[in-house]
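So the structure is just underneath, and the comments pick up after that.
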Amino acid sequence: MQVTMRGISKAFGPVKVLENVEFTLRGGEIHALMGENGAGKSTLMKILSGVHRADAGEILLDGRKAELRSTEAAEAAGIAIIHQELNLIPQLSVMENLFLGREPSRFGIIDYAAMRREARAQLEALGAGGIDPDAEAGSLSIGQQQMVEIAKALALNARVLIMDEPTAALTEREIDRLFELMAQLRENGAAIVYVSHRMEEIFRVCDRISVLRDGCFVGEREIARTDFDEVVRMMVGREIGDRYPKREAAPGEVRLKVENLADENMIAGIGFEVRAGEVLGIAGLMGSGRSDILKTLFGAKRRTAGRVELDGKELKVAAPGDAIAAGLGFVPEDRKSKGLVLGMSLRENATLVHLDQYARLGVVSAAEEKRAVDGLIAQLRIRARDAELDVKSLSGGNQQKVVFAKWLANPPKVLLLDEPTRGVDVGGKAEIYHIVNQLAAAGTAIVMVSSELPEVLALSNRILVLHEGRQAGIFDAAGCSQETLMAAATGGAVHSETRKQA
């Protein structure tokens, strides 16, 4: 199927999101759609998939004008979307989510046995056969939920498949399997739109690329005839300097010391030190316990063994409030459910952790809050009209900056980062890297989990690798490679010269 979108414009109230955008998609190709957060990528794809209606413009499918007034109309036309934000019903089983609204039946009664068989087949085709079709969707990890979302879209046998950040929560193996499936779909004539901030993936799997900036179409390129620098210039309209800015200051004294850390069900025997001004990266496959270390240190999971010291004194944390009071901060993996209160304003979210700083006689001063938050908005380049804007209306990258803003108002001694750049565009990533370096230069000890190995290697001084909840080693980032980290993460042998003990 060939898709042509002409003159597409869309506004939400007074805010213009898209203006006269052009986009074409051919059958048998994987077409990347890129742009900074807030550029309009997701809105354009929601128009194509029937979630939103354009204010102006037209959509042609194989040369014929199409009226895609709903997701049902889009699906009937052969268009399916995998949303950036997970869209499963937590209380339903995996198989019920996969076949919601189109359940197989016999004699008017849902055929659960057939549904289970088909669900298992769809998951196995994705290399996700370990997911139980009867499990509640809400009980799955974020990565597993993402695989279910992908299986749900593939089950529709769509001729046009829109993938909005599909790999954000996947392991390297799952990503490889997804790319194999995408190649098969392309060979079968499917048209795929691939929305991602991961430049390496774009150049690995896509044929063409279109770029949006500030709601406008900037241009289109053949992947084979462009490069990273040109795409970045098209996206941001400027040079962003070094992709991974360097940090010059040497680490100071030991700030955080962890010995024999264990939680209730995932990690055991974890030990490391982090110095003031140092970034300790944590790498490993999904489900290896990376996030569990951070949650246990922050009091979001119960510690069952081990000792933790902060500045040489034992740290006892029973709940997140204890961790915050001691000087720990946490940027969680899932910003929407764990890092932000979506019904509150940018100002209220940014000051939530340290409200006492803005209170007089027990009453919070909104004016004091606003003065502080206006400074943070400028410092972090948060794209928002003002501090009173609902945080739920911001793009993903700007929401992530608000999560950082909570801790920048009163920088912690130790900052725990769980996938800090997930769903953030290349310009936003550079800004977050700068924030991390600023905090480290000011003496904050940083522990960072990331699934992007180039990011871990570039930002970290040392890297702790996990394998199935156990420590596989600690490596000097300067003398390490992605292959070494993956070998350790999968339980393989590694060269001893890059390995260090905690």
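Keep in mind that glycine also has a Cβ here, set from the backbone N, Cα and C atoms.
Taken from Swiss-Prot, the feature ATP binding site covers Gly35, Glu36, Asn37, Gly38, Ala39, Gly40, Lys41, Ser42, and the record attributes it to sequence analysis. Feature annotation from Swiss-Prot assigns domain 'ABC transporter 1' to 3-239; the stated evidence is sequence analysis. If you look up Swiss-Prot, you'll see 249-493 marked as domain 'ABC transporter 2', on the strength of sequence analysis.
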List of residues, in chain order, with Cβ under 8 A from that of Gly38 (ATP binding site) and at least 6 apart: Asp214, Arg383, Leu394, Ser395, Gly397, Asn398
Neighbour count (Cβ, 10 Å) for Lys41 (ATP binding site): 27
Remaining residues near the recorded ATP site, that is with C-beta within 8 Å of the centroid of the site residues Gly35, Glu36, Asn37, Gly38, Ala39, Gly40, Lys41, Ser42: Leu212, Ser395, Asp425
Three-class DSSP secondary structure - Ser42 (ATP binding site): helix
Local confidence of the domain 'ABC transporter 2' (249-493) - pLDDT mean: 90
Ser42 (ATP binding site), number of other Cβ atoms within 10 Å: 25
Intrachain C-beta neighbours of Gly35 (ATP binding site), sequence separation six or more, cut-off 8 angstroms: Lys41, Val211, Leu212, Arg213, Val218, Met235, Asp425
